[in-house]
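**Student:** I'd like to ask some things about the structure below.
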Amino acid sequence: MYHQNLISSTPNQNSNPHDWDIQNPLFSIHPSAEIPSKYPFMGITSCPNTNVFEEFQYKITNDQNFPTTYNTPFPVISEGISYNMHDVQENTMCGYTAHNQGLIIGCHEPVLVHAVVESQQFNVPQSEDINLVSQSERVTEDKVMFKTDHKKKDIIGKGQWTPTEDELLVRMVKSKGTKNWTSIAKMFQGRVGKQCRERWHNHLRPNIKKNDWSEEEDQILIEVHKIVGNKWTEIAKRLPGRSENIVKNHWNATKRRLHSVRTKRSDAFSPRNNALENYIRSITINNNALMNREVDSITANSEIDSTRCENIVDEVMNLNLHATTSVYVPEQAVLTWGYDFTKCYEPMDDTWMLMNGWN
């Protein structure tokens with residue numbers, strides 16, 4: 001059943017297309033070959049989408065040879081969600097009649113408002129090109145970060161020095177001196193100025209001593225250590241041919257040797273001929289004794305403070321906080337003053353009277 005009289009602007013399907021110009025003279029529609037709708041069961045009649053308004057808005061020509069777009073329902077996927085409006089445009093100025101269960105549907109909404117409503121109601125899928133560009137940018141950033149980290153790791157080489165590097169360092173020091181280590185490090189791959197300086201002063205200097213330590217050197221080390229402590233740079237200045245690193249390594253090696261002997265329960269406290277070992281042993285014993293005294297002092301002070309706090313609380317509250325003791329309350333002394341009344345005498349001190357609010 002058709003209810004064409006309900007909407008006057010809805011054209012009749014059986015009417016002549018030329019009559020549409022009379023009903024809507026401003027938006028005239030030129031006749032063209034009809035293409036069946038994609039959903040013929042809904043009874044929606046297709047009409048060309050080449051009116052004057054759309055020609056102005058979408059730059060669509062009225063040439064009959066140009067492909068036209070017809071009013072067809074939006075494609076519906078299996079989940080019941082409409083696609084976006086990429087392939088079909090709604091001819092909002094040309095009404096159509098959908099004979100679905102006797103209903104008449106008219107399209108008179110502006111194109112812009114209709115597009116905004118549709119975009120808000122449904123999830124419009126994002127273009128794949130934009131996703132590809134975003135993914136490519138993230139991949140590029142990851143590659144740049146990986147290359148940057150890789151370069152930072154390659155800046156400082158932690159490997160051992162090779163004989164070739166030692167020879168090159170000796171030649172560069174002879175030509176540039178011992179003050180411009182940054183410039184010297186540029187000649188090495190994966191080395192910095194600090195590494196070149198330490199390598200030169202600790203291993204490659206011509207006047208450096210690599211032989212065993214003598215008793216005179218140990219005695220100088222002991223005397224200077226008594227004054228400056230573990231300042232190896234100051235000690236190395238008093239020992240010609242011994243670098244800061246060599247002095248520190250000699251000290252630590254002697255300590256490890258004493259520790260290993262003590263671990264093996266050998267005669268660790270027997271007198272030694274080495275003066276440095278005896279000195280380090282005495283320092284270790286004195287440090288341990290001093291540490292024990294400090295610990296004992298801290299423990300004693302804490303116990304004194306705890307006892308003092310308990311005494312203060314006992315004096316104020318007349319209570320002993322120790323769990324094994326009980327509160328002592330003096331017994332009442334009963335004195336009889338006659339057969340009519342009895343008077344109780346109860347000895348108490350000032351603290352007990354104060355706690356009970358007695359005057």
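The backbone N, Cα and C atoms fix where each Cβ goes, glycine too.
Features from Swiss-Prot:
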REGION    1-21  region 'Disordered'
COMPBIAS  1-17  compositional bias 'Polar residues'
DOMAIN    153-208  domain 'HTH myb-type 1'
DNA_BIND  181-204  DNA-binding region
DOMAIN    209-259  domain 'HTH myb-type 2'
DNA_BIND  232-255  DNA-binding region
**Student:** Sort the residues of the DNA-binding region (181-204) into helix, strand and coil with DSSP and give the three counts.
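**Tutor:** Final tally across the stretch: 17 helix, 0 strand, 7 coil.
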**Student:** Could you tell me how many residues in the domain 'HTH myb-type 2' (209-259) are helical, how many are strand and how many are coil under DSSP?
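**Tutor:** Secondary-structure breakdown of the domain 'HTH myb-type 2' (209-259): 36 helix, 0 strand, 15 coil.
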**Student:** On the 0 to 100 pLDDT scale, where does the DNA-binding region (232-255) sit on average?
**Tutor:** 91
